[in-house]
Amino acid sequence: MAGAKKNFKATKKFESKHLKGVLDQRKENAKVKQRQQLKAKKQGRRSKDAEFYKGAEDGDAAPKPKPSKTANVNDMSVDDFFGGGFEIIEKAEPAKKASKKLGKRKRDEPEQEDGVLSDDASELKISDNEQPVASDSEESGNEDDDDIGMSKGAMDALAKDDPEFYKFLKENDPEALEFDDADLAEVDELSEGEEEEREQEQPKKKRKKEKKQAKADESDEEAGLDNELTPAMVARWKAAMSEKYSLRAARQVVLAFRSAAHLNHDDVEEDTKQRYTISSPEVFHDILVVALKQIPEVLQHHVPIKESTFGKVQVPTDSKKFKPLSTLLRSYISAILHLLGTLSDDATLKLTLSAITPVVPYLLSFRKLLKNLIKTVVSFWSQSTSSDSTRITAFLALRRLVVVGDKGIKEAVLKATYQGLIAGARVTNVNTVQGINLMKNSAAELWGLDQNTGYTTAFSFIRQLAIHLRNSIVHNQNESYKKIYNWQYIHSLDFWSCVLSEHCNPLKEAESGKESQLRLLIYPLVQVTLGAMRLIPTATYFPLRFHMIRSLLRISRSTGTYIPLASALLEVLNSAEMRKSPKNTTLKPLDFHIAYKAPKSYLRTRIYQDGVGDQVVELFCEYFVLWSTNIAFPEFALPVIIMLKRWLKQSRKGRAGNNNGKLRAGLVLLVQKLEANAKFVEGKRAKVDFAPKNRAQVDAFLKDFEWEKTPVGAYVVAQRKAGAEKAKMLEEARNEDEQKRKQEEAEALEENAAAEMTDDDEDMEELDEAEEEESSSEDDE
């Protein structure tokens with residue numbers, strides 16, 4: 001007991017007298033050790049950078065190819081898709097070494113590994129770049145003795161340790177606390193060095209002229225202390241950047257642009273004021289145009305990018321100009337990202353997004369900033385309120401990132417794009433369907449720029465769709481089907497059909513000289529689509545079935561793959577909805593292009609049965625026209641002809657049959673066209689002199705014959721023309737209704753305004769009468 005008490009006293013004594021000193025000593029030792037480690041790492045980075053760029057410029061030998069990390073996935077048979085063989089995709093990759101970065105890092109900031117992409121769909125982590133580049137973590141740089149101005153960490157420490165002195169500086173010398181401006185001061189030093197070199201090469205008269213220009217720039221900076229941006233200052237900066245690519249002017253433009261981006265916005269994270277205040281809309285417009293158009297040109301002039309024919313870029317990060325310009329670039333892009341969150345005008349949005357594309361190669365260094373950039377650009381690309389021109393401009397920036405980025409950046413862009421597409425497709429109606437189709441068609445191009453990365457990401461997403469379908473089948477609960485029967489799932493399947501149709505086309509494969517790697521995904525996608533189509537085979541979800549059949553027809557048409565779809569259409573005809581006579585109704589026709597589920601009020605009605613019948617006939621024609629010139633068409637169409645004739649025969653059985661004359665007439669015409677096309681092929685086939693086993697001759701049969709000239713082909717051409725005219729009429733009627741609605745709303749607003757004016761006049765008259773009565777009563781008294 002005495003020993004325990006003695007130990008307790010010793011502990012208390014140590015804590016009171018020595019503990020603080022020991023902890024401080026440990027911290028000092030840790031700082032010294034960390035400083036030495038950082039110094040050694042910096043030296044290693046510089047030597048490797050020099051070796052890399054020297055080899056890239058002087059050596060002609062190609063770099064050694066890295067072992068493919070997707071070799072097991074590529075060699076895997078897609079027949080094992082539903083057997084779990086695709087688990088290779090989700091195996092964790094070996095941990096990568098810490099990225100070799102240039103620049104500075106905060107002492108209290110741990111080094112991060114960016115090489116692993118999170119399983120969470122909302123998290124985007126970008127792997128290390130293959131080329132040595134500057135670190136994105138150099139937010140405020142507080143380790144070099146040559147730094148100008150106060151760092152963010154030092155400023156926070158000053159505010160905490162000596163709040164009175166911090167308040168004094170904030171009131172009397174606010175520029176001392178503007179660490180961003182101090183960082184940008186490096187650009188001024190670089191600009192002064194360039195001016196000195198230029199002066200030595202120029203004649204005296206030109207030197208005097210440029211000295212006057214420099215004095216004018218300095219006066220602009222002094223005027224900037226007065227916080228008022230004028231048109232003359234913007235014009236002078238514009239001329240300096242256009243004629244001499246002045247870095248001093250570029251610095252002032254970025255500071256003014258940042259002030260414009262934060263205009264009328266109280267940023268709680270910033271304790272310092274912006275350099276300039278802007279009170280004129282014209283000045284605001286001028287500084288935006290100058291910054292967005294000319295800053296990329298200045299960057300390209302001082303730090304030129306080397307780009308190969310294969311899209312690979314090399315940014316000279318070892319250049320003495322890159323470090324100060326990287327600070328300017330980070331401030332410029334941060335201002336753009338902030339500005340994008342405040343804009344709503346399409347023209348300004350397009351101009352701002354277009355300024356991102358030329359500076360993308362410089363941003364490969366800044367991983368955290370690049371992550372925010374991808375997220376912002378994808379949001380504008382996928383927003384339902386964005387115009388087509390805004391979507392296309394945002395897509396060009398994403399495409400540039402995929403072209404010049406490394407594997408990690410490509411995966412991040414592809415995943416963010418897919419997530420944006422799914423989020424933007426949640427609501428599908430007349431107003432949004434055109435934008436959704438634009439997103440699907442544009443995003444499909446990205447998966448073909450690098451088919452190795454495209455195959456891996458596409459495989460994982462299609463596998464995810466298959467897992468959702470399997471869970472819905474296995475866990476057969478009341479609401480489980482809703483994970484499959486929704487717009488997002490439908491558009492996902494349709495999007496992947498667009499991807500495979502574009503990049504597995506035989507013509508593109510012939511141009512590239514090899515079969516597309518994405519062709520391996522046709523089988524699993526078709527299986528998932530067919531399974532989702534038959535999950536709930538009721539009349540309510542016939543529109544969803546038609547959507548999925550169109551997706552499969554696109555794949556079959558573009559890739560030449562045979563997909564059996566006749567049975568899915570015959571199931572619709574043989575359903576109870578189509579076998580019995582319908583009831584009359586006054587409902588409007590259902591638009592099958594923007595509906596995946598029929599309302600209950602439409603079931604067993606003539607208007608719905610007519611619409612389903614038109615869809616069945618149209619899809620049958622689109623299906624058979626793909627093989628209208630095939631030598632086996634008579635045998636291919638015979639089972640369907642027999643089933644259609646049987647259905648027509650049963651529909652004539654009085655009350656038990658279907659007396660819908662429009663539906664029967666459409667099916668009769670379809671049977672006639674199929675029989676005519678079968679006779680046409682038989683007539684051509686009778687003239688051949690080769691056996692069925694001669695595969696080359698079989699494939700070449702009627703290969704050069706235009707399908708539009710076949711009986712089924714001519715019918716499909718006329719059908720498409722009639723459908724286009726009908727869609728045009730519906731669009732015109734929809735626009736007229738919209739204009740009428742807007743006109744009625746405007747008239748209602750005018751009536752309300754007139755009523756309010758009348759009420760105001762009546763109130764004023766009542767007040768005047770009351771005042772007159774009061775005055776008269778006072779006179780009587």
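Heads up, the Cβ atoms here are built off N, Cα and C, so glycines get one too.
All annotation found in TrEMBL is predicted automatically rather than curated by experts.
Going by TrEMBL, these are the annotated features:
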type     : residues : note
REGION   : 1-77     : region 'Disordered'
COMPBIAS : 1-11     : compositional bias 'Basic residues'
COMPBIAS : 12-31    : compositional bias 'Basic and acidic residues'
COMPBIAS : 32-45    : compositional bias 'Basic residues'
COMPBIAS : 46-63    : compositional bias 'Basic and acidic residues'
REGION   : 93-157   : region 'Disordered'
COMPBIAS : 110-121  : compositional bias 'Acidic residues'
COMPBIAS : 136-148  : compositional bias 'Acidic residues'
REGION   : 189-227  : region 'Disordered'
COMPBIAS : 189-199  : compositional bias 'Acidic residues'
REGION   : 728-781  : region 'Disordered'
COMPBIAS : 728-745  : compositional bias 'Basic and acidic residues'
COMPBIAS : 757-781  : compositional bias 'Acidic residues'
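Cβ atoms under 8 Å from those of the compositional bias 'Basic and acidic residues' (728-745) belong to residues 430, 591 of the same chain, restricted to positions at least 6 beyond its ends. The residues of the compositional bias 'Basic and acidic residues' (728-745), classed with DSSP into helix (H, G, I), strand (E, B) and coil, number 18 helix, 0 strand, 0 coil. Sorting the compositional bias 'Basic residues' (32-45) by DSSP state (H, G, I as helix; E, B as strand; all else coil) yields 14 helix, 0 strand, 0 coil.
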